[in-house]
Amino acid sequence: REDLWVREGKILNPEKLFFDEKGSADVQLDCKDSIIAPGFIDVQINGGFGVDFSLATDDFKSGIDLVSQKILSHGVTSFCPTLVTSPPSVYYQVLPQISVRNGGAHGAGILGAHLEGPFISREKKGAHPEHCLRTFEAGAFQDLLATYGSLDCVQIVTLAPEMRRSSEVIRELTKRGICVSLGHSVANLSQAEEAVQHGATFITHLFNAMLPFHHRDPGIVGLLTSDKIPAGRRVFYGMISDGIHTNPAALRIAHRAHPTGLVLVTDAMAGMGLAPGRHTLGQQVVEIDGLNTYIAGTKTLSGSVATMDTCVRHFQEATGCSVETALEAASLHPAQLLGIEHRKGTLNYDSDADFLMLNDSLYVQATYIAGEEVWRQDVSGM
């Protein structure tokens, strides 16, 4: 129940204003008992509103602009556009069109791309097209560069750590400040631990597209309670909290085992925000039926159509956690994962004034980026 002071796009420590400058606020806003929370950060979103980030189109830029505009109403103030496994030609066309940029009235900020695949396991490919999967051959890291073309705007790479020569690739990516995530994998626990020792810090959609937990070898899931994590390091894990991809009991198990590592992701695809029916996810056709999304003609789950605010509400309801904990899983934790918690994901002094107003049921009422209102629910409830 305090004031939040904002100046020049940053959250201000008012002490300096009061005592040194003897100033006061130029504009005052009554938040009418709303909760003020840091803006949400989505580190895995494949598209939405008819736009698919894994399709190389002439108007790709306008597609990414549309998604960044539309997710403001769901509380997302920055995101990592995510590409699923694609042929090299797609990376060569799409990646140069993604640039890191600040958010604003035009839409949520872009933190860099998340490349999910193609260096993943055939057995756990999920909705990724098998003919595009690749392994690390003679060149290892050079193979990765040849596949993607450029790593200039890349923030996260998801790969399967059991692949031969993955360790050197993880080291090279980490050296460049790129976050390595483990996923779509049949790795056992010691392979996963080795990947973390080489620099991996994230797990892509925990429980989905990996070996199920087994008491003698818990696989990647075992990283949540591993005692082989280097000192001072934290492993984060993404969860699709849409009530479809992960049973609420599994969500509770993960959260209780390692609460400070949980990062909510939507894994949303082109069909988010659209009517049920057929849509795309990269090279595949997918069918949406309610909140279920399958590769057409199969029962293979493929991405989600959940929005971030829905995931936050479902997470809070499923785990019974505090409101603060639910909000931090979508803001503070992804910021810590990407090493930007000094700028994003909190309401601390000097951080970016990206914040939301929510009601007590955690429905977004207004979204602010750099202290400017960029979306507000109109009075008619639209």
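Each Cβ is built from the backbone N, Cα and C atoms, and glycine gets one as well.
All annotation found in TrEMBL is predicted automatically rather than curated by experts.
Annotation for ASP267 (active site, proton donor/acceptor): spatial neighbours GLN44, ILE45, ASN46, THR82, HIS205, GLY238, ILE240, HIS245, GLY303, SER304, criterion Cβ-Cβ under 8 Å with sequence separation of six or more. Taken from TrEMBL, the feature active site, proton donor/acceptor covers ASP267.
Sequence-distant contacts of GLU116 (Zn(2+) binding site), defined by Cβ-Cβ distance under 8 angstroms and a gap of at least six in the same chain, are GLN44, THR82, LEU83, VAL84, THR85, HIS128, THR158, SER181, GLY183, HIS184, THR204. The Zn(2+) binding site annotation in TrEMBL covers GLU116, HIS184, HIS205.
Counted within 10 Å of its Cβ, the other Cβ atoms near ALA127 (substrate binding site) come to 24, all protein chains included. Per TrEMBL, substrate binding site is recorded for ALA127, ASN208, ALA209, ARG216, HIS245, LEU301, SER302, GLY303.
Feature annotation from TrEMBL assigns domain 'Amidohydrolase-related' to 35-374. In the predicted model, the domain 'Amidohydrolase-related' (35-374) has a mean pLDDT of 96.
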Which of HIS184, HIS205, ARG216, HIS245, all binding-site residues, has a Cβ with the fewest other Cβ atoms inside 10 Å: ARG216
Winner by Cβ contact number (other Cβ atoms within 10 Å) across the binding-site residues ASN208, ALA209, LEU301, GLY303: GLY303
